Amino acid sequence: TPNLKFSYYPDLRALCSPMLLSTFSHFSLFHMAANMYVLWSFSSSIVSLLGCEQFIAVYLSAGVISTFVSYVAKMVTGRFEPSLGASGAIMTVLAAVCTKMPEAKLAIIFLPMFTFTAGSALKAIIAFDTAGLALGWRLFDHAAHLGGALFGMWYVTYGHELIWKNREPLVKAWHEMRTKNTGKGGGGRSN
């Protein structure tokens, strides 16, 4: 039989690596600062909801998924511009928190006197990005934002039960191994 190395299939690393790396990419220093402010604002809530390991898994998955949604939208519209998954991953965090805590009060950084609920903010963001995508606005990567927001809403509603709960035996084994190893060397944290 011939030695098949599947060389005729595309290398999945070549397809997935740019989408994963785009999770950390930004167009400008202002773009990065805005994303980091939103991430900082919502990070304690999302980590409280999901835990550290699940947050990292969701965040990285969100970057890949939102970049993929952006690629698909750009292929459909014929606009071949860079796709950066950082904003989409941030939108996942924002949407997940707003979905789980819809009555939480939020404010805009420069207008703290105007407050609104997290549920209202999420609806407004989704409406804005839907309009931006439908009308061809180029202010933001609206497809990546929508992909991230929809993934965040889906994950906290269904994904935790469908995906993370099924990974629990692996996570438990990891924690046991880590706890056993930190007990030998001392100084580690145990759960």
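For all residues, glycine too, the Cβ spot is worked out from N, Cα and C.
Residues or ranges marked as domain 'Peptidase S54 rhomboid' in TrEMBL: 19-159. Marked as transmembrane segment by TrEMBL: 20-43, 55-73, 79-99, 106-127, 139-158.
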Which of 20-43, 55-73, 106-127, 139-158 has the most Cβ pairs closer than 8 Å to the transmembrane segment (79-99)? 139-158
Let's see if you can do this one: DSSP helix, strand and coil counts over the domain 'Peptidase S54 rhomboid' (19-159), in that order. 105 helix, 11 strand, 25 coil
What average pLDDT does the predicted model assign to the domain 'Peptidase S54 rhomboid' (19-159)? 89
